[in-house]
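Participant: Mind having a look at this structure? Questions to follow.
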Amino acid sequence: MSEETIEYHWGKHHRTYVDNLNRQIDGTDLDGNSLEDTMVILYNKGDILPAFNNAAQAWNHDFFWESMKPGGGGRPSGELLKLIERDFGSLKKFLDEFKTAASAQFGSGWAWLAYKESRLDVGNVLNPLQSGEDKKLVVVKTPNAVNPLVWNYYYPLLTIDVWEVLIKFTLCYSGFETVKTIISFH
Ligand SMILES: [Fe+2]
């Protein structure tokens, strides 16, 4: 990713979400909450736009910057690699699924590696039965600003800004290489 892209994306794009959110919540009940709490509270209030959008985009971008480093993070190892192999079959299958999610998200949005917690653990009375889909790593995609944390039982581990993938595609990098090289695994 070029210096110009980072400057623009971090210095203007991300900055605007933060500044707008601060303006919108200044003096309200939300002032003083963590960014994560602000995002979840706004989502659950059904206040999807515009404050939720700004809160979630600010959170997502913070997390996105933490998901990469110069030269990439290399191959995951240890417990994470074991879980990836258990839940996706192999590292390659995970990367393929992640790439597909990023490229299949229409318009702007996010692709995520997330841990899906048991619904039993969060006391969700509407869905009390533990499912085979619980307690494992999953790839999910979200439109616009939406973040898996608002679904209550998904914990993000890694993300890619789909807008960023589109930039990479226009520069003729393959999505697979993009995902593999710019992201470090948490
Ligand atoms: Fe972005």
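Even glycines carry a Cβ here, placed using N, Cα and C.
The following feature annotations were taken from TrEMBL:
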type	residues	note
BINDING	H9, H61, D161	Mn(2+) binding site
DOMAIN	2-69	domain 'Manganese/iron superoxide dismutase N-terminal'
DOMAIN	76-164	domain 'Manganese/iron superoxide dismutase C-terminal'
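On this model, are these features tucked inside or out on the surface, and what's nearby?
Facilitator: Within 10 Å of the C-beta of D161 (Mn(2+) binding site) there are 23 other C-beta atoms, taking all protein chains into account.
Across the domain 'Manganese/iron superoxide dismutase N-terminal' (2-69), DSSP assigns 52 helix, 0 strand, 16 coil.
As a summary of secondary structure, the domain 'Manganese/iron superoxide dismutase C-terminal' (76-164) carries 36 helix, 24 strand, 29 coil according to DSSP.
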